[in-house]
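A.B. asks: Can you read through this structure? Questions will come right after.
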Amino acid sequence: MEAGLVRKYASEAGGLRLARHGPHGHSARTAHSMSASALRKKSDASLVRKVPFAPLRPVLANLQEVFLGTKLAVLFPAVPLAIAARCANFGQVWVFALSLLGLIPLAERVSFLTEQIAIYTGPTVGGLLNATCGNATELIIALFALMQGKIEVVKYSLLGSVLSNLLLVLGTSLFCGGIVNLGVDQPYDRKQADVSTGLLILGVLCQSLPLMLRYAVAAGEHSIAAATTGLELSRACSIVMLLAYVAYLFFQLKTHTQLFEPQDIDEDDEDQEEAVIGFGSGLFWLAFKTVLIAILSEYVVGTIEPTSQSWGLSVSFISIILLPIVGNAAEHAGAIIFALKNKLDITLGVALGSATQISMFVVPLSVIVAWIAGIQMDLDFKLLETGSLFVSVIVTAFTLQDGTSHYLKGILLLLCYIVIGACFFVTRQPASHANGGGAGLAVPTGTWNAQVA
């Protein structure tokens, strides 16, 4: 941020120069925070200086940083408009659309505030904040859908977030970066990619086992003792996934921090490491923005089925394709911007890190929360969904195996995403029938119950 009155008041509020340096002497900024910073803009301190009432200036400087310090500030009016449309019963489709638009700048601001708080708390606590708040929008949407009993919407939206990061975000980034940097070598660190893809493969395995168990029992190849065994297996796998995620955090934040620290930070990026708001102010605005995200998430979940009927799109297509694209728009844009700058380590850290966080943290956490709430949510994402996830992880792993990139890799990932999107576009059944059978491969619930009896 440029020097001026804003920085002066931030310093008076307790702003400190970022001292986040790990044991290897590198900056401990994460790829997520680096990506989010690409959408921020410098505040114009001259506007605050013109305010005649001096005590009001620090308040205005704070508001300017929180609401106008992003290139996405133009979308903030969608937040009050969504709330007004809901209160005035203006129309559920309008509420859905405005809520989605309002979530875009809110998600970016949560990332900004998390980074500001991390300046005061240090790299470990800051990393944990990023690990839990990095996908706050998806987590809150999933929890609201879960509490409303819309288990299929939870599964669809989380699956869509992983597919979006692996294929759409990474594919678009590699394609744009390859086109802009034609004739220039585009290397990246394979070690970070290998860690993330390994965790993603473990996540696919844990999500595939309940599905394979159901089909094995239905085919008469195996028998089980009780009808709840599939649910119990999902809960056991969820605990394993959470343990793996904790180990991943320890690996990332303590023992191997050098693998996850962006090495190509330029001078402008370093300038953004200075706190521009105080610690208490950051906590307040983080809580406030999270409440707004919760309100809009509830609106999205409550209006998704009427919107599906109005737009003529299946709930699965809206949840898997539209929700992740809009919910992660700010993060996606940042990843693409750094790919254009030939900084693929940051791009990979955003795309793979977000996919890993959803797969290994948000998905099993949803199952555990459902377990505590007495809701029977399992890891059986059904055949089509699980198959799409498995192929996406394998394609991504093979794409990143050589440590260099070019635009053709991006095209291939994008085409995979388009094909998967087309598949869910032609799937027209509502969420309430998403468990049902189709022709050939699907196994009706009655068959499952009859086999386990």
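Using the three backbone atoms N, Cα and C, a Cβ is placed for every residue, glycine included.
In TrEMBL, annotation is done automatically, which means it is predicted and not curated.
Straight from TrEMBL, here's the annotation block:
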type: DOMAIN; residues: 93-253; note: domain 'Sodium/calcium exchanger membrane region'
type: DOMAIN; residues: 283-420; note: domain 'Sodium/calcium exchanger membrane region'
type: TRANSMEM; residues: 66-83; note: transmembrane segment
type: TRANSMEM; residues: 90-107; note: transmembrane segment
type: TRANSMEM; residues: 127-146; note: transmembrane segment
type: TRANSMEM; residues: 158-183; note: transmembrane segment
type: TRANSMEM; residues: 195-213; note: transmembrane segment
type: TRANSMEM; residues: 233-251; note: transmembrane segment
type: TRANSMEM; residues: 283-301; note: transmembrane segment
type: TRANSMEM; residues: 313-340; note: transmembrane segment
type: TRANSMEM; residues: 346-371; note: transmembrane segment
type: TRANSMEM; residues: 383-401; note: transmembrane segment
type: TRANSMEM; residues: 407-426; note: transmembrane segment
A.B. asks: Among 66-83, 90-107, 158-183, 195-213, 313-340, which stretch has the highest count of C-beta pairs below 8 Å with the transmembrane segment (383-401)?
C.D. replies: 195-213
A.B. asks: So which of 66-83, 90-107, 195-213, 313-340, 346-371 has the most C-beta pairs under 8 Å when paired with the transmembrane segment (233-251)?
C.D. replies: 346-371
A.B. asks: Take the transmembrane segment (407-426) and find every residue of the same chain, 6 or more past its ends, with a Cβ under 8 Å from one of its Cβ atoms.
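C.D. replies: For the transmembrane segment (407-426), the list is 163-164, 166-168, 170-179, 182, 313-314, 316-317, 320-321, 384, 388, 391-392, 395-396, 399.
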A.B. asks: Which residues of the chain, 6 or more past the ends of the transmembrane segment (283-301), have a CB below 8 A from one of its CBs?
C.D. replies: 66, 79, 82-83, 86, 95-96, 99-100, 102-103, 106-107, 109-110, 113-114, 117, 133, 136-137, 140-141, 144-145, 148, 150, 153, 277, 323
